[in-house]
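So that you can see what the record holds, here are the features copied from TrEMBL:
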TRANSMEM  53-76  transmembrane segment
DOMAIN    69-318  domain 'G-protein coupled receptors family 1 profile'
TRANSMEM  88-107  transmembrane segment
TRANSMEM  127-146  transmembrane segment
TRANSMEM  158-178  transmembrane segment
TRANSMEM  225-249  transmembrane segment
TRANSMEM  270-288  transmembrane segment
TRANSMEM  300-320  transmembrane segment
Amino acid sequence: MHAVILRSAVSNVSGLTPLTAGTVPSRGMEKANESSLMGFVLLGFSDHPRLEAVLFIFVFFFYLLTLVGNFTIIIISYLDPPLHTPMYFFLSNLSLLDLCFTTSLAPQTLVNLQGPEKTITYGDYVLQLYISLALGSTKCILLAVMALDRYVAVCKPLLYVVIMNPWLCQQLATISWLSGLANSLIHATFTLQLPFCGKHRLDHFICEVPALLKLACVDTTTNELVLFVVSVLFLLLPPTFILISYGFITQAVLRIQSVEARRKAFSTCSSHLTVVIIFYGTIIYMYLQPSSSYAQDQGKFISLFYTMVTPTLNPMIYPLRNKDVKESVKKLLSGKLCSLWT
(Lines of atoms letter the chains of each structure in order from A; the text may use other names.)
(Lines give C-alpha, C1' and ligand atoms only; values in the text may rest on other atoms or scores of the structure.)
Protein backbone atom coordinates (compact mmCIF):
# COMPACT_ATOMS: atom_id res chain seq x y z
CA MET A 1 0.00 0.00 0.00
CA HIS A 2 2.67 2.50 0.96
CA ALA A 3 4.68 1.57 -2.12
CA VAL A 4 1.87 2.83 -4.29
CA ILE A 5 1.88 6.01 -2.20
CA LEU A 6 5.59 6.59 -2.71
CA ARG A 7 5.52 5.81 -6.42
CA SER A 8 2.50 8.06 -6.92
CA ALA A 9 4.10 10.86 -4.92
CA VAL A 10 7.26 10.87 -7.00
CA SER A 11 5.51 10.66 -10.36
CA ASN A 12 2.74 13.13 -9.61
CA VAL A 13 4.90 15.83 -8.04
CA SER A 14 6.83 16.12 -11.28
CA GLY A 15 3.78 16.02 -13.51
CA LEU A 16 1.22 18.19 -11.77
CA THR A 17 -0.45 21.01 -13.64
CA PRO A 18 -0.01 24.16 -11.56
CA LEU A 19 -3.17 25.53 -9.98
CA THR A 20 -3.65 28.09 -7.32
CA ALA A 21 -3.51 26.29 -3.98
CA GLY A 22 -6.94 25.85 -2.49
CA THR A 23 -8.70 27.03 -5.67
CA VAL A 24 -11.76 24.98 -6.57
CA PRO A 25 -13.41 25.30 -9.98
CA SER A 26 -16.89 26.78 -9.84
CA ARG A 27 -18.60 23.59 -10.98
CA GLY A 28 -16.33 21.59 -8.63
CA MET A 29 -17.57 23.69 -5.72
CA GLU A 30 -21.12 22.70 -6.53
CA LYS A 31 -20.22 19.02 -6.84
CA ALA A 32 -17.55 18.84 -4.14
CA ASN A 33 -19.69 16.83 -1.76
CA GLU A 34 -21.40 14.59 -4.32
CA SER A 35 -18.95 11.72 -3.75
CA SER A 36 -19.80 11.67 -0.05
CA LEU A 37 -23.46 11.19 -1.01
CA MET A 38 -22.95 8.72 -3.86
CA GLY A 39 -20.07 6.72 -2.42
CA PHE A 40 -17.46 5.24 -4.74
CA VAL A 41 -17.27 2.62 -7.47
CA LEU A 42 -14.31 0.27 -7.08
CA LEU A 43 -13.72 -0.93 -10.63
CA GLY A 44 -11.27 -3.60 -9.47
CA PHE A 45 -11.01 -6.40 -12.05
CA SER A 46 -14.31 -5.62 -13.77
CA ASP A 47 -12.55 -5.54 -17.16
CA HIS A 48 -11.71 -9.25 -16.62
CA PRO A 49 -15.11 -10.79 -15.75
CA ARG A 50 -13.96 -14.41 -16.15
CA LEU A 51 -10.96 -13.77 -13.94
CA GLU A 52 -13.15 -12.41 -11.15
CA ALA A 53 -14.57 -15.87 -10.37
CA VAL A 54 -11.06 -17.30 -10.03
CA LEU A 55 -9.93 -14.38 -7.88
CA PHE A 56 -12.98 -14.78 -5.65
CA ILE A 57 -11.91 -18.35 -4.81
CA PHE A 58 -8.30 -17.17 -4.43
CA VAL A 59 -9.18 -14.38 -1.96
CA PHE A 60 -11.64 -16.56 -0.03
CA PHE A 61 -9.09 -19.38 0.32
CA PHE A 62 -6.28 -17.14 1.57
CA TYR A 63 -8.65 -15.27 3.87
CA LEU A 64 -9.57 -18.57 5.56
CA LEU A 65 -5.87 -19.47 5.82
CA THR A 66 -5.18 -16.09 7.41
CA LEU A 67 -7.94 -16.54 9.98
CA VAL A 68 -7.04 -20.10 10.96
CA GLY A 69 -3.26 -19.69 10.88
CA ASN A 70 -2.97 -16.40 12.73
CA PHE A 71 -5.59 -17.35 15.32
CA THR A 72 -3.50 -20.47 15.97
CA ILE A 73 -0.33 -18.40 16.48
CA ILE A 74 -2.13 -16.09 18.91
CA ILE A 75 -3.64 -18.99 20.89
CA ILE A 76 -0.43 -21.00 21.29
CA SER A 77 1.58 -17.87 22.14
CA TYR A 78 -0.90 -17.17 24.94
CA LEU A 79 -1.43 -20.70 26.26
CA ASP A 80 2.00 -22.32 26.01
CA PRO A 81 4.45 -21.10 28.72
CA PRO A 82 7.62 -21.90 26.68
CA LEU A 83 6.39 -19.34 24.13
CA HIS A 84 6.07 -16.55 26.69
CA THR A 85 9.12 -14.79 25.27
CA PRO A 86 9.59 -11.41 23.56
CA MET A 87 9.89 -13.04 20.13
CA TYR A 88 6.51 -14.72 20.34
CA PHE A 89 4.96 -11.69 22.01
CA PHE A 90 5.83 -9.63 18.93
CA LEU A 91 4.82 -12.51 16.65
CA SER A 92 1.37 -12.64 18.24
CA ASN A 93 1.08 -8.88 17.75
CA LEU A 94 1.98 -9.37 14.09
CA SER A 95 -0.62 -12.14 13.76
CA LEU A 96 -3.29 -9.94 15.33
CA LEU A 97 -2.32 -7.13 12.97
CA ASP A 98 -2.53 -9.40 9.91
CA LEU A 99 -5.93 -10.67 11.04
CA CYS A 100 -7.30 -7.16 11.35
CA PHE A 101 -5.65 -5.95 8.15
CA THR A 102 -7.03 -8.75 5.99
CA THR A 103 -10.45 -8.54 7.61
CA SER A 104 -10.60 -4.83 6.80
CA LEU A 105 -10.10 -5.59 3.09
CA ALA A 106 -11.15 -9.16 2.23
CA PRO A 107 -14.94 -8.96 2.81
CA GLN A 108 -15.35 -5.90 0.58
CA THR A 109 -13.04 -7.44 -2.03
CA LEU A 110 -15.16 -10.61 -2.07
CA VAL A 111 -18.32 -8.56 -2.53
CA ASN A 112 -16.61 -6.65 -5.33
CA LEU A 113 -15.58 -9.87 -7.09
CA GLN A 114 -18.88 -11.66 -6.61
CA GLY A 115 -21.07 -9.71 -9.01
CA PRO A 116 -21.61 -6.55 -11.02
CA GLU A 117 -22.22 -4.43 -7.91
CA LYS A 118 -18.96 -2.53 -7.32
CA THR A 119 -20.14 0.35 -5.16
CA ILE A 120 -18.98 1.12 -1.65
CA THR A 121 -20.56 3.77 0.55
CA TYR A 122 -18.54 6.81 1.47
CA GLY A 123 -18.60 5.84 5.14
CA ASP A 124 -17.35 2.31 4.44
CA TYR A 125 -14.65 3.67 2.15
CA VAL A 126 -13.43 6.10 4.80
CA LEU A 127 -13.46 3.38 7.47
CA GLN A 128 -11.50 0.98 5.28
CA LEU A 129 -9.01 3.71 4.37
CA TYR A 130 -8.33 4.62 8.01
CA ILE A 131 -8.02 1.02 9.20
CA SER A 132 -5.90 -0.35 6.35
CA LEU A 133 -3.58 2.67 6.41
CA ALA A 134 -3.11 2.41 10.18
CA LEU A 135 -2.43 -1.34 10.12
CA GLY A 136 -0.15 -1.17 7.08
CA SER A 137 1.95 1.53 8.76
CA THR A 138 2.02 -0.41 12.03
CA LYS A 139 3.34 -3.53 10.29
CA CYS A 140 6.27 -1.59 8.83
CA ILE A 141 7.32 -0.47 12.32
CA LEU A 142 6.57 -3.79 14.01
CA LEU A 143 8.80 -5.73 11.62
CA ALA A 144 11.65 -3.35 12.52
CA VAL A 145 10.96 -3.91 16.23
CA MET A 146 11.13 -7.67 15.68
CA ALA A 147 14.52 -7.21 14.00
CA LEU A 148 15.69 -5.33 17.10
CA ASP A 149 14.53 -8.25 19.25
CA ARG A 150 16.51 -10.72 17.12
CA TYR A 151 19.58 -8.45 17.25
CA VAL A 152 19.56 -8.36 21.04
CA ALA A 153 18.90 -12.12 21.27
CA VAL A 154 21.86 -13.02 19.04
CA CYS A 155 24.35 -10.23 19.69
CA LYS A 156 23.63 -9.64 23.41
CA PRO A 157 22.45 -13.07 24.62
CA LEU A 158 23.55 -12.64 28.23
CA LEU A 159 21.67 -9.35 28.54
CA TYR A 160 18.65 -10.41 26.47
CA VAL A 161 16.28 -10.98 29.40
CA VAL A 162 17.36 -7.72 31.03
CA ILE A 163 17.12 -5.58 27.89
CA MET A 164 14.00 -7.10 26.35
CA ASN A 165 12.03 -7.04 29.58
CA PRO A 166 8.20 -7.15 29.57
CA TRP A 167 7.90 -3.40 30.12
CA LEU A 168 10.10 -2.55 27.13
CA CYS A 169 8.30 -5.08 24.93
CA GLN A 170 4.96 -3.53 25.84
CA GLN A 171 6.32 -0.05 25.08
CA LEU A 172 7.76 -1.08 21.71
CA ALA A 173 4.49 -2.76 20.69
CA THR A 174 2.51 0.27 21.82
CA ILE A 175 4.76 2.64 19.87
CA SER A 176 4.30 0.50 16.75
CA TRP A 177 0.50 0.57 16.99
CA LEU A 178 0.30 4.25 17.91
CA SER A 179 2.64 5.32 15.12
CA GLY A 180 0.44 3.57 12.58
CA LEU A 181 -2.69 5.09 14.12
CA ALA A 182 -1.19 8.58 14.12
CA ASN A 183 -0.11 8.26 10.49
CA SER A 184 -3.60 7.14 9.50
CA LEU A 185 -5.40 9.90 11.40
CA ILE A 186 -3.21 12.65 9.96
CA HIS A 187 -2.67 11.25 6.49
CA ALA A 188 -6.17 10.02 5.67
CA THR A 189 -7.91 13.01 7.25
CA PHE A 190 -5.71 15.39 5.27
CA THR A 191 -6.54 13.57 2.03
CA LEU A 192 -10.28 13.34 2.68
CA GLN A 193 -10.50 17.13 2.91
CA LEU A 194 -9.99 17.33 -0.86
CA PRO A 195 -13.06 17.97 -3.04
CA PHE A 196 -13.74 15.32 -5.69
CA CYS A 197 -16.16 17.31 -7.82
CA GLY A 198 -18.61 14.46 -8.25
CA LYS A 199 -16.04 11.94 -9.54
CA HIS A 200 -16.37 8.59 -7.81
CA ARG A 201 -14.93 5.82 -10.05
CA LEU A 202 -11.69 4.33 -8.68
CA ASP A 203 -9.61 1.94 -10.77
CA HIS A 204 -8.71 -0.34 -7.86
CA PHE A 205 -10.25 -2.97 -5.59
CA ILE A 206 -9.19 -1.45 -2.25
CA CYS A 207 -9.21 2.02 -0.73
CA GLU A 208 -5.91 3.86 -1.20
CA VAL A 209 -4.79 7.46 -0.94
CA PRO A 210 -3.28 7.77 -4.47
CA ALA A 211 -6.61 6.77 -6.00
CA LEU A 212 -8.32 9.59 -4.11
CA LEU A 213 -5.69 12.11 -5.17
CA LYS A 214 -6.41 11.30 -8.81
CA LEU A 215 -10.05 12.27 -8.25
CA ALA A 216 -9.25 15.60 -6.59
CA CYS A 217 -10.09 18.73 -8.58
CA VAL A 218 -7.63 21.05 -6.80
CA ASP A 219 -3.86 21.36 -6.60
CA THR A 220 -2.57 18.37 -4.60
CA THR A 221 1.10 19.36 -4.42
CA THR A 222 1.05 19.62 -0.62
CA ASN A 223 -0.66 16.23 -0.35
CA GLU A 224 1.94 14.69 -2.65
CA LEU A 225 4.78 16.02 -0.53
CA VAL A 226 3.15 14.66 2.62
CA LEU A 227 2.79 11.28 0.91
CA PHE A 228 6.45 11.32 -0.05
CA VAL A 229 7.63 12.10 3.48
CA VAL A 230 5.34 9.46 5.01
CA SER A 231 6.52 6.86 2.51
CA VAL A 232 10.16 7.55 3.36
CA LEU A 233 9.43 7.20 7.08
CA PHE A 234 7.50 3.95 6.79
CA LEU A 235 8.90 2.34 3.64
CA LEU A 236 12.60 3.17 3.54
CA LEU A 237 13.76 3.68 7.13
CA PRO A 238 12.40 0.42 8.65
CA PRO A 239 13.90 -1.93 6.03
CA THR A 240 17.20 -0.02 6.25
CA PHE A 241 17.23 -0.58 10.01
CA ILE A 242 16.35 -4.26 9.48
CA LEU A 243 19.20 -4.76 7.00
CA ILE A 244 21.70 -3.13 9.36
CA SER A 245 20.46 -5.29 12.26
CA TYR A 246 20.83 -8.47 10.25
CA GLY A 247 24.29 -7.41 9.16
CA PHE A 248 25.36 -7.43 12.82
CA ILE A 249 23.39 -10.64 13.45
CA THR A 250 25.17 -12.43 10.61
CA GLN A 251 28.57 -11.41 11.98
CA ALA A 252 27.62 -12.63 15.45
CA VAL A 253 26.25 -15.96 14.21
CA LEU A 254 29.38 -16.70 12.18
CA ARG A 255 31.46 -16.27 15.35
CA ILE A 256 29.45 -18.92 17.22
CA GLN A 257 31.52 -22.10 17.65
CA SER A 258 28.67 -24.51 18.37
CA VAL A 259 27.08 -25.85 15.20
CA GLU A 260 23.78 -26.51 16.98
CA ALA A 261 23.64 -23.00 18.45
CA ARG A 262 24.48 -21.51 15.07
CA ARG A 263 21.74 -23.56 13.40
CA LYS A 264 19.17 -22.48 16.00
CA ALA A 265 20.12 -18.81 15.63
CA PHE A 266 19.84 -18.98 11.85
CA SER A 267 16.52 -20.82 12.14
CA THR A 268 14.83 -18.25 14.38
CA CYS A 269 16.19 -15.28 12.45
CA SER A 270 15.50 -16.69 9.01
CA SER A 271 11.77 -16.99 9.78
CA HIS A 272 11.48 -13.28 10.45
CA LEU A 273 13.80 -12.36 7.60
CA THR A 274 11.74 -14.42 5.15
CA VAL A 275 8.59 -12.53 6.13
CA VAL A 276 10.43 -9.21 5.80
CA ILE A 277 11.83 -10.03 2.35
CA ILE A 278 8.47 -11.10 0.96
CA PHE A 279 6.56 -8.19 2.49
CA TYR A 280 8.99 -5.46 1.50
CA GLY A 281 10.05 -7.23 -1.71
CA THR A 282 6.62 -6.84 -3.31
CA ILE A 283 6.39 -3.19 -2.24
CA ILE A 284 9.91 -2.26 -3.30
CA TYR A 285 9.36 -4.03 -6.62
CA MET A 286 6.43 -1.72 -7.29
CA TYR A 287 8.40 1.33 -6.17
CA LEU A 288 11.49 0.63 -8.28
CA GLN A 289 9.53 0.31 -11.51
CA PRO A 290 9.73 3.34 -13.81
CA SER A 291 6.41 5.07 -14.23
CA SER A 292 6.55 4.45 -17.97
CA SER A 293 6.66 0.67 -17.50
CA TYR A 294 4.08 0.49 -14.72
CA ALA A 295 0.79 -1.18 -15.67
CA GLN A 296 -2.36 -0.59 -13.64
CA ASP A 297 -3.42 -4.25 -13.80
CA GLN A 298 0.03 -5.33 -12.67
CA GLY A 299 -0.24 -3.00 -9.70
CA LYS A 300 -3.59 -4.54 -8.78
CA PHE A 301 -2.19 -8.06 -8.80
CA ILE A 302 0.79 -7.06 -6.67
CA SER A 303 -1.56 -5.29 -4.26
CA LEU A 304 -3.67 -8.46 -4.17
CA PHE A 305 -0.57 -10.45 -3.25
CA TYR A 306 0.62 -8.35 -0.33
CA THR A 307 -2.88 -7.71 1.05
CA MET A 308 -4.21 -11.27 0.80
CA VAL A 309 -1.20 -13.61 0.61
CA THR A 310 1.46 -12.10 2.90
CA PRO A 311 -0.81 -12.22 6.02
CA THR A 312 -0.80 -16.02 5.69
CA LEU A 313 2.99 -16.24 5.76
CA ASN A 314 3.59 -15.98 9.52
CA PRO A 315 1.65 -19.13 10.46
CA MET A 316 3.16 -20.97 7.48
CA ILE A 317 6.80 -19.96 7.86
CA TYR A 318 7.31 -20.01 11.65
CA PRO A 319 5.95 -23.56 12.25
CA LEU A 320 8.18 -24.84 9.44
CA ARG A 321 11.33 -23.35 10.93
CA ASN A 322 10.72 -23.29 14.69
CA LYS A 323 10.65 -26.47 16.74
CA ASP A 324 8.88 -24.74 19.65
CA VAL A 325 5.98 -23.70 17.43
CA LYS A 326 5.69 -27.20 15.97
CA GLU A 327 5.49 -28.71 19.45
CA SER A 328 2.91 -26.15 20.59
CA VAL A 329 0.72 -26.80 17.54
CA LYS A 330 0.89 -30.56 18.20
CA LYS A 331 -0.13 -30.00 21.84
CA LEU A 332 -2.95 -27.73 20.74
CA LEU A 333 -4.28 -30.28 18.26
CA SER A 334 -4.06 -33.09 20.82
CA GLY A 335 -5.81 -31.03 23.49
CA LYS A 336 -2.83 -31.12 25.87
CA LEU A 337 -2.25 -27.37 25.65
CA CYS A 338 -5.72 -26.48 26.89
CA SER A 339 -5.57 -29.05 29.68
CA LEU A 340 -2.13 -27.76 30.70
CA TRP A 341 -3.47 -24.19 30.91
CA THR A 342 -6.53 -25.17 32.95
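The backbone N, Cα and C atoms fix where each Cβ goes, and this holds for glycine too.
No curator has checked TrEMBL annotations; they are predicted automatically.
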Cβ-based contact of the transmembrane segment (158-178) with the transmembrane segment (225-249), 3 or more pairs under 8 Å: no
Folded-back contacts onto the transmembrane segment (300-320), same chain, C-beta under 8 angstroms, at least six residues removed: 1, 4, 44-45, 55, 58-59, 62-63, 65-66, 68-70, 72-73, 91, 94-95, 98-99, 101-102, 105-106, 109, 204-206, 271, 274-275, 278-279, 282-283, 285-286, 326, 329
Highest-contact recorded stretch vs the transmembrane segment (88-107), from 53-76, 127-146, 225-249, CB pairs under 8 Å: 127-146
Tertiary contacts of the transmembrane segment (127-146), as residues 6+ beyond its ends and Cβ separation under 8 Å: 1-2, 87, 90-91, 93-94, 97-98, 100-101, 104-105, 108, 120, 172-173, 175-177, 179-181, 183-185, 187-188, 192, 206-209, 212, 234-235, 237-239, 241-242, 272, 275-276, 279-280
